[in-house]
2 protein chains.
Amino acid sequence: MSAAVLTPSPLRSFDRDTNKRSARRSVSASRLGRASHADPDEMEEPVSGGIASANEEQPSAGAHPIAVRKQREREANLSRFNHWRSATKVPKPQDDHAGEFRDVSELPLARLTVQERGIVESDATALVDQLAKGALTAVEVTTAFAKAAVAAQDVTNCLTEVFIEEGLKRAQELDDHYRATGRVVGPLHGLPVSIKDHILLKGHDTSTGYTGWAYNTVAEKDATVVRILREAGAVFYVKTANPQTLLSLETNNNIYGTTYNPFNRDLAPGGSSGGESALIACHGSPMGVGTDIGGSIRIPAAWCGLYGLKGSVGRLPHAGLLGSHDGMDNIIGCVGPLARSARDLDLFCRVMSQADPWLMEHQVFEMPWRNPSEITLPRKLCIAVLWDDGVVAPHPPITQALRDAKAALEESGHEVIDWEPLDHWGHWELISKLYLLDGGAEYRQTLRDGNEHAVPQTEWILGHAKDREAYTIQETWQLNLEREKFRSRVLEHWNATAARTSSGRPVDAILCPVAPTLAPPHTTVRWWGYSSYWNLCDYPGVVFPVGKLGLRGGNLGLEEPHDPRNDIESFVQSQWDPHTYANAPISLQLVGRRLNEEKLLAMLHVLEQSLGRVEHKDDTSV
Amino acid sequence: MSAAVLTPSPLRSFDRDTNKRSARRSVSASRLGRASHADPDEMEEPVSGGIASANEEQPSAGAHPIAVRKQREREANLSRFNHWRSATKVPKPQDDHAGEFRDVSELPLARLTVQERGIVESDATALVDQLAKGALTAVEVTTAFAKAAVAAQDVTNCLTEVFIEEGLKRAQELDDHYRATGRVVGPLHGLPVSIKDHILLKGHDTSTGYTGWAYNTVAEKDATVVRILREAGAVFYVKTANPQTLLSLETNNNIYGTTYNPFNRDLAPGGSSGGESALIACHGSPMGVGTDIGGSIRIPAAWCGLYGLKGSVGRLPHAGLLGSHDGMDNIIGCVGPLARSARDLDLFCRVMSQADPWLMEHQVFEMPWRNPSEITLPRKLCIAVLWDDGVVAPHPPITQALRDAKAALEESGHEVIDWEPLDHWGHWELISKLYLLDGGAEYRQTLRDGNEHAVPQTEWILGHAKDREAYTIQETWQLNLEREKFRSRVLEHWNATAARTSSGRPVDAILCPVAPTLAPPHTTVRWWGYSSYWNLCDYPGVVFPVGKLGLRGGNLGLEEPHDPRNDIESFVQSQWDPHTYANAPISLQLVGRRLNEEKLLAMLHVLEQSLGRVEHKDDTSV
């Protein structure tokens, strides 16, 4: 790496005026009558160098003493690599010419060499292949992604803990090992992997978006997933932002502020694994580890044009995460990968399985991962399309993407039928109770302990338990029964599709939106029903990109919307304006039967072939 | 079947003197200071024809109005088959010559023809083979087992619902089908299967040992396990007794009274699936369905000399059971088989799996059952023996059986090391909290609603939550964490055995007692630690018979016992007297890794080969 001249962070000037609140956010918030801000009791001067306060729409996160300290430390770690930071000065979103910089996704590549661009544009599968052949070194690969990661942080605010030297040191060790032995240490030898903040990574803090946890949660050991990745040869160099409470499909907390969507900074990158999605979309990581209890892998992957897999509970290791409600297992989240190709999702799961995680962690089922290419699929798949969940219809580009996919599948000889939505509103009433069994008490206590206010999305979700006490255990047993009854209904509903297919078999998968909108303006997420439904069912869901709004022609938005069926749909309908979502990725979701992750990925492969998306070649483009 | 002369039930005279309470029970109860009786508010005259009051040691169960009605109905159903009932008059246990009738296990065969004896002495695997070949008819097989079942009821009080005509009708339909088509309807075509009372069986009551549930719980549909059995061709003809609350390792309730061990009526048949074990041991059923959350399949199977399998949670279908604490999933029970051979356990699981139960019931994992004979085992197994759990040492015959098994394994070239017990007392402190999260409130309410008193074993288990309120949900989350921590510790403990084996692999299985005693005198069970430990771990456990006390020579009981380590061990030590346990079956337990049920059965096969137990031939002895 070259000893380049230190460049001041282009975002250093963005830390003023932090107490402004835009009319727009207030409007959005007041529409559903929930978003509001507690006033933190203790505020310091905003910190220099952070991006958290760059967007006027965000609360004054930078002012919390913990935020000051954490952002200062992050900046110190980044400043050692100022020569990697973007030379382009990115204006504030509301400034003149800001529109020219809504899409910042390519800026992180500016300092990369041609070779490095080749590296960061490759998927993980190609990279580990090249690393294993000795065609690339771990230091080369780590350097390329770290360079992009530093710049990605500057334009999207996606990172929390930054420890690039540690990553480079590990990469050097791996290279030394390879040179000495001619062998890789494992299937991910030399691959940089980014880790969501709330996942334990030995020696690093696990603030998890809570000011009260920062500096109190330095991990003494790795989470199981991290341990397996580490033993497989992965290189760790950054942790990534997650929102306060984790129970949010956006990414905003009082330590680091808001994370931005690199394709349009006016839009959310998704959450809760939004640091991951922003980073990977900026080529700052080839593969990241997220978690999903209501969409937190799939939503950010979709809104940033990536691949993301939420498996069934118990399929992948899950021990070693920090989060609220530890020990609550009425509804359980999943660890899973975000990546740039479908085959990388398979790679991640295969590596997990090969480590015999069931010998490390009681909860993991001993179900060895099968190679999706070895899965025998029916020659003629039957896919059901969920067009509209009956609560909030998706925006036009999503419906169009479903139509395109249906046509492509049929052209390829597959069958497509409609999926009749089954009680998506009921699912939400139930799962939102399961999320907040204690009435939100533990969340609120954690905020009080950390002397911080609730960010808008926290207020919104906690509003679902407004004025409700914690359930008694008898009530939670009743809710468990309702959950099991719901799962039974959906299972029977799926089985019943056999009556409507030409084969007489139930459908193989469900194709559906990931959310009713593309990546939306910040703090405006109001409906989880296309993602959290599958958490309640515990079905695996994979999301995949099909395009970008800016690249599509046609008559989007010309259809007359129906009368809104409820306040949420009314709000979401009113959001639709193609200009709002300029350049936003368009993605879809494929949902499979419980514990059929391999079959799901095999079907995604067939679907992508039908869509004409070129499968990744077996060797890298480097 | 012949129209034999009606014979009065030999037990009809046993229904007097129901309010006596023996000194012995009171002593047992007072030793641990827990067992006592509430006085039911409403009592009727004891019913004629029931056995519930035959044993002076038992509470006056027969006097509850529901007991009167239920026993009268059962007697009416049985009396249609009086010609099948035992002609031998069995005296009360405390009467003169009672000792000659402690072992009643062969009496139910008295009315059977030679051919019928051949049938009921065959295992299920042999029977379904013969049925499929047309060598036996379903009516023949059902008649043989029903005859023995009627007599078994008379001598052990093992049945609840009796519907033999329904079974014979179904058997006839199956025979008609076979004659018409030359084909079986499924892999269990014509096999009688008995069902534990709390498992839903369409059209029949599901009293579950609660007076308040009787007549209010007639099943509108089958439990999943029953549905699969039915579709596989099984014939249902009886349901079997379970204890009040189900949370007991004995079998006693206020509807039907106490169930007796057919090998020694002074002893408990085990519980909670004790109706099953008594019935199958009497040849009244070739295969029964039980449930196990603390030993409730394994204990009765062991104490009646049978095979029983408790799998891992999620491996076999579990929907459609009645029981208290519905919706509680902090600790979960399992459905499983009791049978007369190891291969019948495999048959049961295979039939379950072949029905794709994961398409019927969300909770079942899609892990198709593998044929144990196809499991590749290490040539040299390594088995760890748990000799003493550190809380309550097993009685001498059990230790001797472990020694014999160790010697046999080593002679066959396998390795045997010691299993170091890991915190069995801690396991009990934790699991007894999980059993009683609500402080026992729901159990007590159900008893109040049914206007019945707690039987001794109910008082004993509820004593564990004495004066404790229901936990808050935050407290239950903490208990869940303790549970997961416990599971992690045991997993690591198992993995760590690799350091002590010659192969460097962890041990393949754990060989251990099923309980510290053989089938004990009624109402004296005080330690679950050898069975419930594996429920807390969620490891599969299979029990198998190795002999009977009366048949063994040697120096049993000559060893000087150590100083008791606690009150429970003191009590159990004081129980040891070979005469008390005369004729009691001796059984052991083999425990495998989670979700490795097939490997466990494959290892049991190897162990039984080592022990010289002749494997069942592929054809029946009929």
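From the backbone N, Cα and C atoms, a Cβ is placed for every residue, glycine too.
Going through B:Ser272, B:Ser312, B:Ser324 against TrEMBL, the one listed in the substrate site together with B:Leu246, B:Ile293, B:Gly294, B:Gly295, B:Ser296 turns out to be B:Ser272. Of the chain residues outside the substrate site list B:Leu246, B:Ser272, B:Ile293, B:Gly294, B:Gly295, B:Ser296, B:Leu247, B:Ser248, B:Leu249, B:Gly271, B:Ser273, B:Thr291, B:Asp292, B:Ile297, B:Ile299, B:Gly333 have their Cβ within 8 Å of the site's Cβ mean position. For the pair formed by B:Ser296 (substrate binding site) and B:Lys196 (active site, charge relay system), distance between Cα atoms is given as 11 Å, rounded to the nearest Å. Cα separation, B:Ser272 (substrate binding site) to B:Lys196 (active site, charge relay system), rounded: 9 Å. Sequence-distant neighbours of B:Ile293 (substrate binding site) (same chain, 6+ residues apart, CB-CB distance under 8 A): B:Leu246, B:Leu247, B:Ile331, B:Ile332, B:Gly333, B:Cys334, B:Tyr435, B:Ser532, B:Asn535.
Look at the Cβ of each of the binding-site residues B:Gly294, B:Gly295 and count the other Cβ atoms within 10 Å; the largest number goes with B:Gly295.
Those residues noted as binding substrate (B:Leu246, B:Ser272, B:Ile293, B:Gly294, B:Gly295, B:Ser296) have their most widely separated CA atoms at a distance of 11 Å.
A Cα-Cα distance of 15 Å separates B:Gly295 (substrate binding site) from B:Lys196 (active site, charge relay system). Listed in sequence order, B:Lys239, B:Thr240, B:Asn242, B:Ser272, B:Ser273, B:Gly275, B:Glu276, B:Gly288, B:Val289, B:Gly290, B:Thr291 are the same-chain residues at least 6 apart in sequence whose CB falls under 8 Å from the CB of B:Lys196 (active site, charge relay system). Of all the Cβ atoms in the protein chains shown, 36 others lie within 10 Å of the Cβ of B:Ser272 (substrate binding site).
The Cβ neighbour count for B:Leu246 (substrate binding site), using a 10 Å radius over every protein chain in view, is 29. Mean pLDDT for the domain 'Amidase' (B:140-601) in the predicted structure: 96. Cβ-based neighbour count (10 Å, all protein chains) for B:Ser296 (substrate binding site) stands at 34.
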